[in-house]
Amino acid sequence: MATDTNTQIYHEQQRLQFCLLHSLNNLFQQKDVFTRSSLNEIAEKLVLEEPNNETWTPLSVLFKPHHNALTGNYDINVLIAALEDKGKNVVWHDRRNGASSIDLDGPEDALMGILLNVPVRMFAGLWKSRHWVSLRKIDGVWYNLDSDLVAPQAFEDTEKVREFLDYIIGHGGEVLLVMNNKQ
């Protein structure tokens, strides 16, 4: 699939562990749709709504239940709440079905995009973590908008997207479909 060279693709690059922030803004194709402040606010609201509030310790200043106050590193609960606030639904893809069951060629008003949560190893494998990545179809072309990339990468066609998703699933990644709510 050829890309339109006039298409402007918004792409934030990785800072600290704010990959969820970057992947959401990349997904929405706009700067500051979400900010550190708005995601922190969502995380704090989630803590207040929890029936089993944890007791405070000195480490609670940095290590909060849904994120790390210094580096970000937000969890799935923040992601779902943030997307629901914007009128989106999150559907956890059943990994047993593989990527072939995802309708990548459907109307763009149904599937907004795909968020991936992939395992990463750093520092010679001593540090294990996870990383958020967004994929989005823009002007008929699917893009990998990973904030660790220097620039967005266009997929050749939907079959290449499926191959990529199957690779991610096979290596412990999670696939979340971001659906537009039908009004």
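Each residue, glycine too, has its Cβ placed from N, Cα and C.
Record features (TrEMBL):
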type     : residues : note
ACT_SITE : Cys19    : active site
ACT_SITE : His131   : active site
ACT_SITE : Asp146   : active site
DOMAIN   : 6-183    : domain 'Josephin'
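Take the CB of Asp146 (active site) and look out to 10 A: across all protein chains shown you find 23 other CB atoms. For Cys19 (active site), other Cβ atoms within 10 Å of its Cβ number 27. Across the domain 'Josephin' (6-183), the model assigns an average pLDDT of 81.
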